[in-house]
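Beneath this line is the structure, given in structure tokens, with notes to follow.
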Amino acid sequence: MKTTYVNATIVTMNEQNEVIENGYIIVENDQIIDVKSGEFANDFEVDEVIDMKGKWVLPGLVNTHTHVVMSLLRGIGDDMLLQPWLETRIWPLESQFTPELAVASTELGLLEMVKSGTTSFSDMFNPIGVDQDAIMETVSRSGMRAAVSRTLFSFGTKDDEKKAIEEAEKYVKRYYNESGMLTTMVAPHSPYTCSTELLEECARIAVENQTMVHIHLSETEREVRDIEAQYGKRPVEYAASCGLFKRPTVIAHGVVLNENERAFLAEHDVRVAHNPNSNLKLGSGIANVKAMLEAGMKVGIATDSVASNNNLDMFEEMRIATLLQKGIHQDATALPVETALTLATKGAAEVIGMKQTGSLEVGKCADFITIDPSNKPHLQPADEVLSHLVYAASGKDISDVIINGKRVVWNGECKTLDEERIIFEASRYKRGLQR
């Protein structure tokens, strides 16, 4: 099946960050086979031609760190620092989860993400009360591209920890698929919730199965102080001593990194999932993304969960990411629009090991989203496309979402998830949680 999308303004995010006015994209099954400017002559003998009527077409956004199973917890635990938020709000509520509630919560997060332009994401879920196979089936049904990872903790007894490691290894062996729509990573929660032995076992699993690692690291000053007091090392050095960086690793946050740590992480191919809104809301601080990029680190933007954000809008994350860097450095050139877009598309895709997506180029997967600026005053005049995408647009502006060549959202309607049912069930399950 060959389909051509014509009469579009195409934000390619190729090496030149080329924007093609009045262009077209030809998709064959799940791949892009041509991207050009001008009128379409049907040289490829396509099956269908779709007039985009001047819509902006850009790569699907890539969320490098989130927790979709937590989506029912939106608005619970506002105005709290990370540790009391986790210990007195999030973990007690997660302990009440059931498989049915977890699926309902996941569906809500998936619906919000895909309708706001996210096509790929990397996720960590707490396995308490969760049917991991049901979660993977739910993500698959959404049509999204994802790395969904089972989180490990050292809570409970040593036998509990051993069982958690065994279950996580089975999960990795079952779901790791480097080139598929769904895959997984090895995901120890953090250095303050995992024992040294557990972190070492996670490193072993990652090396033996050739997977990536996903971990919360250097998120707060308190974490750095506590880990240094307990182990005599800062979190980066401690994680390295456990062997975690033997495989490409995504660290969520990286708010508290010094110059030497940034250089070390760049050298060891450790990438950062930057969560600006979540870090601000939890009072964790502001990650120095400008310095990370200058050190050669790979960085991708992320939302974290709705419980700490409180939405999954990647456009909002792009905007706050660039504004924060300009503000803390007092440098208006810090993180310009092209870089912000890169960190939410092809750069983010590279961070989570999904190089097959993130730009609109021949050979890439057909993952793209559209915005119709014609009826949106906040996107007019419509000639400064890149600027408007970062500084003016929002996830609410999305018209269409194509993932792997399939129309997942069309004219604002999600084709893979039942929006009315999901919203109804989210409210019903939320009422059953005891605060």
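Backbone N, Cα and C atoms are what each Cβ position is placed from, and that goes for glycine too.
So that you can see what the record holds, here are the features copied from Swiss-Prot:
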type	residues	note
BINDING	His65, His67, His216, Asp304	Zn(2+) binding site
BINDING	Glu94, Arg150, His189, Glu219, Asp304	substrate binding site
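All features noted in Swiss-Prot, drawn onto the structure.
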residue	record	DSSP (3 states)
His65	Zn(2+) binding site	strand
Glu94	substrate binding site	helix
Arg150	substrate binding site	strand
His189	substrate binding site	coil
His216	Zn(2+) binding site	strand
Asp304	Zn(2+) binding site	coil
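Comparing C-alpha positions, His189 (substrate binding site) sits nearest to His216 among the binding-site residues His65, His67, His216, Asp304.
Of all the binding-site residues in the list His65, His67, His216, Asp304, the shortest Cα-Cα distance to Arg150 (substrate binding site) is found for His67.
Around the Cβ of His67 (Zn(2+) binding site), the same chain contributes Asp123, Met124, Phe125, Asn126, Asp304, Ser305, Ala307, each under 8 angstroms and 6 or more positions distant in sequence. Around the Cβ of Glu219 (substrate binding site), 26 further Cβ atoms fall within 10 Å across all displayed protein chains. Here the binding-site residues are Glu94, Asp304, and the one with the most other Cβ atoms within 10 Å of its Cβ is Asp304. Annotation: His65 carries the greatest number of neighbouring Cβ atoms among the binding-site residues His65, His189 [cut-off 10 Å, Cβ to Cβ].
The binding-site residues considered are Arg150, His216; of these, Arg150 has the fewest other C-beta atoms within 10 angstroms of its C-beta.
Cα of His216 (Zn(2+) binding site) to Cα of Glu94 (substrate binding site): a distance of 18 Å.
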